[in-house]
Amino acid sequence: MGIKGLIPFLSEKVPSSISELSLESLSGESLAIDASAALYQFTIAIRDSSYFSSLVNSKGESTSHIYGLMNRCSKFLEYGIKPVFVFDSKPPELKTKTLEKRRQQREEANASLKKAISEGDKESVKKLVGRTVKVSKEMNESAKKLLRLMGVPVIEALEEAEAQCAYLVTKNLCRFVASEDTDTLVFGGAFLLRNVASSSSKKILKVDLQKVLDGLEFNFDQFIDFCILCGCDYCDTLEGVGPKTAYSLVKKYQNLEEIVNFKGGDYDDFKEAKEYFLSPKVNEYDENSVKLGTIDPEGLTEFLVQENNFSKERVEKFIEKLLKFKTKKIQTSLLSFLTAPQHNNKAKSSNKRPREPKALDCKPNTYGSGKGTNVVKKESSTIKKDEIDLTAEDLFCEPSNSDNEEDDRGRVDKNEDLFKKSENETNEIKQNQFKSKSDEKKKQEEHHTIEFNFNHRKVILIDDDDDEVVTTANSEKMNCGKCLIYYFLQKLIK
């Protein structure tokens, strides 16, 4: 649910804190995605399109969330976006009342839905269908399995996914939180993205926490008080208090206890809610936990086709697209790396997007330090040894169906066009520096081959005339284009 009425209030009071984005504009960014919220959106989208039915496999298990997850992850990778899916665990005790209330609301909605279906009232069905959906444990587990087979990072929250997402942003492991729940902001997430899991026709909304604080003229502690008074999942609300009244009360009293006592509420409940927002229980992760892994084509085929009855032809096309997007990304990244020197002596572009403030700039209590924090160190046991960043991972972890080490090695000429282009640009940059070199030295350029040893993450330069391995590449005598590429690749993998 999040904070009641927060977005409409901010749209009116601090419109500059909310902006619209396209999915393409997030290229190169990493998103901490609230998995439960995303799976809910995927399921709703399928059920909305058919009024009340879901996609199911031969066992009668819902697969709507799998279908939605496949499509959205495909888009993320196509645009060079790194998704990190964060899954809820056991909810905190403070949320018990809220969860019970939601259960009762679902039961009532189910009864109304059955009646609307029997009467053929399609409009009522469409309104009610979303209220009956619940993301089950089985749906979460199947989603995790799919993501891992795709090489997409999976993070397990200690309790609330929103708090864990905010932690990842606070620790600079991800740039944005993608969720429909606005309490992510109250947990300290610097940037909240909404509608990320919705259809591509919907604009993504970005909420900037620092701009919210500046516009409301609140410090972070006052913002928490304001949001709790608006209504959250962890305590009851005060009668007659919405966002506008809450804003006025915080401005006047600037103290949550005084406000609650003035309105005749139980401050202990509000105090516990505030303490949880300031010090939620989260698992500790490092950068290895959010790195993209390898795609498992065989595992994906078995899971999607055999276990969940997806079309084999469509699954093959899906896997082909995933591999294509990863290859495209590495080519772009490698080319940028090799041609970077030509920009060294130029002024920086005035259009470059400035780095936005971190959550730490506005949150007084940070995860992992200070009194009352609840950080539990989590080993990244789900991450394989060869799972590394997108750019490096495609260099050293290309999927292979063979156990033979020889088959795991790839030659540069597989990307011949890329290296020719890079070589020409590099030689143009260096031509003045090396124009005095002899023709004999230049001829060596045609007799060198670069090989990758994927298992050991090494780059090898070979003299084709006598198959001898060249152990060094002299950076001061680099008239050979392939020697230059070798030199940069050595720098890349160190």
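Note: Cβ is positioned from N, Cα and C throughout, glycine not excepted.
When Swiss-Prot records ASP88, GLU160, GLU162 as binding Mg(2+) 1, the matching candidate from ASP34, ASP214, ASP221 it lists for that site is ASP34.
Together with ASP181, ASP183, the Mg(2+) 2 site in Swiss-Prot holds one more listed residue from ASP121, ASP233, ASP236, which is ASP233. Region 'Disordered' is the annotation Swiss-Prot gives to one range among 395-426, 427-458, and that range is 395-426. Looking at 330-338, 483-491, the stretch flagged in Swiss-Prot as region 'Interaction with PCNA' turns out to be 330-338. Taking the binding-site residues ASP34, ASP88, GLU160, ASP183, ASP233 in turn, the residue surrounded by the fewest other Cβ atoms inside 10 Å of its Cβ turns out to be ASP88. Each of the binding-site residues GLU162, ASP181 was ranked by the number of other C-beta atoms within 10 Å, and first place falls to GLU162.
Cβ-based neighbour count (10 Å, all protein chains) for GLY231 (DNA binding site) stands at 20. Taking the mean position of the Cβ atoms of ASP34, ASP88, GLU160, GLU162 as the Mg(2+) 1 site, the remaining same-chain residues with a Cβ inside 8 Å of that point are SER36, ALA37, VAL86, ALA157, ALA161, ALA163, GLN164, CYS165, SER179, ASP181, THR184.
For ARG72 (DNA binding site), the count of additional Cβ atoms within 10 Å of its Cβ stands at 22 [all protein chains shown]. On a Cα basis, ASP88 (Mg(2+) 1 binding site) lies 21 Å away from GLY231 (DNA binding site).
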